[in-house]
2 protein chains.
Amino acid sequence: MDEQSNVAAIPVGVVGLGLMGSSIVAALLISGHPVKAIAPIASDAENVHERIYTQLHYCQEAGLTDSDEDLKARLEISQDYAVLADCQVVIECVVEKLAVKSEVYRKITDVVSAECIIGSNTSALPISELQPYVSNPGRFLGIHWAEPAFMTRFLEITCGKLTMPVFAERIFTLAHQWGKEPTLLKKDIRGFITNRLMYAVYREIFYQMESGNATREDLDKVFRYDAGSWMTLMGVFRRMDYLGLKDYAAALDNIFPQLSNAAGVPEMMQVMVAETARGIHNDRGLYPYGPGEGKQWDEAFTRFNLEIHSLAAKYSEEQVKGHLYKL
Amino acid sequence: MDEQSNVAAIPVGVVGLGLMGSSIVAALLISGHPVKAIAPIASDAENVHERIYTQLHYCQEAGLTDSDEDLKARLEISQDYAVLADCQVVIECVVEKLAVKSEVYRKITDVVSAECIIGSNTSALPISELQPYVSNPGRFLGIHWAEPAFMTRFLEITCGKLTMPVFAERIFTLAHQWGKEPTLLKKDIRGFITNRLMYAVYREIFYQMESGNATREDLDKVFRYDAGSWMTLMGVFRRMDYLGLKDYAAALDNIFPQLSNAAGVPEMMQVMVAETARGIHNDRGLYPYGPGEGKQWDEAFTRFNLEIHSLAAKYSEEQVKGHLYKL
């Protein structure tokens, strides 16, 4: 795999075909890889063709591929791990349980070569804790996607303690051919980087709501319409440079000591768990949902994805510096 | 001013015509108000026509108005506070210094009626601390805009201790006619709500960089391409509902205790202040900038604004619930 790998000659395996796994299968097919998709449990296998074909059909509708038939021709779906034998990369996206994952790793390593890179899409378990369950652990790393995988430019590659950099760099290079703006973290940070930043927001936003300072609706509104008005273009440090830095030191000094330092789970979240709220998936969540309203949000996000994805591509750092947006 | 105010009959004053003030003038003109614009200091007055006309011309280019000449016809620019006499609302956006602001409030209240609402665009000084400098302080409140004011849907209305709700509600109603998604905060939170949420991110992002866990570039990338892929549609609580809530309680419990609780100004920001870095404005900031590169970011943002503004309008909560995005 060099700078411009011939992806058609690099078979990739995906193990675990839930929503996220199916969407990763679609992303890899669109990028040109042959894909071996393993449904490791019977319940997963049941509707797997329908689930993946729906994703592929959406890719076609969205203009990401000319023909979903071409994609299907490169896809093999199986319950038999043996089909992974010639894969150069295998991505695991099964449930976040160590016992399940370790068993999956055993089955993968039984059939693939010793150089086959094995990545986990985990967002909950530290890579270094999973790594010992993989033979030849230097080729194991985190490959963390955002949903839907074929329509987001995010990809977080994380090394565990034993990961050899050469493998991480191969995935980093390949990720550009998947249309990503990948990040490569050489330390195994608990919660990964993207989660760390957002959890800092979660802590403060629950605190503001539980203090009665602002409503849930208003807190969401300010984030959508203020941060949301520049985020996709700039990121945080760039935004500070844009605003001029001048007043920041004083403001940070003022506000940091007043932010929430809470360590415990917010009461509202505890209530949600007790009520088995699953948000838009059972119309019971942090917001009230009328019948079918969850589905409306889901459909809106499907459409929105398409637009924000092309907007993000249009304003990549390279293009900004290429001076393509002069008035 | 009732639900559907006749904005043409409501003159609004703007005092302080820097970048932000000029952009607020443009926003009010586009909304249909007659606008009295006061340049309170001579250096401000110098290029004020050019500064405002540039904004109006951009509004025309962006399709926000048919003719910038129509807008100019409703605009009066002056150094004389007496032109504010018939205003029903006056918005102050001068420098963040109490001595300057208090003097400006004295000059405004000398000429306007006792019911004229006076708002400050401050993002640094608490409304309750400014309020005593306004005669009849119940009509004083925070009206916090995002730049560029005519192209962002954010507007944060904040009451001080003495603000009478009736005045805040009038501005809230009017803000919808300005094309905003306003929030109305009845408590005077230090740093306002939008800043509080973002400062929580700042604290964690500096911590991650200073710990050597990730580079500035990677930290910005994950925020742009992960958070940025849903933020403008959803906000934070809605996002949690979308993802299903299931694993959040465990994850919050895990990660909250590991977040930065720092109270001090990050060293990197202290260095920037010592170097009089002004970001893209003098090509010296948290990022390195080649000659002219700051200007490229400025131009990219001008274009990006237009796109994210129309995207945000297209995916307002009302439209999502109106089921307009069914596949």
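Glycine too: its Cβ is placed from the backbone N, Cα and C atoms.
Whatever TrEMBL says is automated annotation, not expert-curated.
The shown structure was predicted, so the numbers you read here are calculated from the model rather than taken from an experiment.
What TrEMBL records for B:7-30 is transmembrane segment. Long-range contacts of the transmembrane segment (B:7-30) within the same chain: residues 1, 36-40, 44-45, 48, 51-52, 55-56, 59, 64-65, 71, 74-75, 77, 81, 83-84, 86-95, 104, 108, 112, 121, 145, 147-150, 174, 177-178, each at least 6 residues beyond the stretch ends and with a Cβ under 8 Å from a Cβ of the stretch.
Taken from TrEMBL, the feature domain '3-hydroxyacyl-CoA dehydrogenase NAD binding' covers B:12-187. Here the domain '3-hydroxyacyl-CoA dehydrogenase NAD binding' (B:12-187) has a mean pLDDT of 93 out of 100.
The annotation site 'Important for catalytic activity' is assigned in TrEMBL to B:H144. With a cut-off of 8 Å between CB atoms and residues at least 6 apart in sequence, the same chain places B:N121, B:T122, B:S123, B:L155, B:E156, B:I157, B:T158, B:F192, B:T194 near B:H144 (site 'Important for catalytic activity'), listed in sequence order.
Annotation source TrEMBL lists domain '3-hydroxyacyl-CoA dehydrogenase C-terminal' at B:191-289.
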Report summary line: DSSP puts the residues of the domain '3-hydroxyacyl-CoA dehydrogenase C-terminal' (B:191-289) at 63 helix, 3 strand, 33 coil
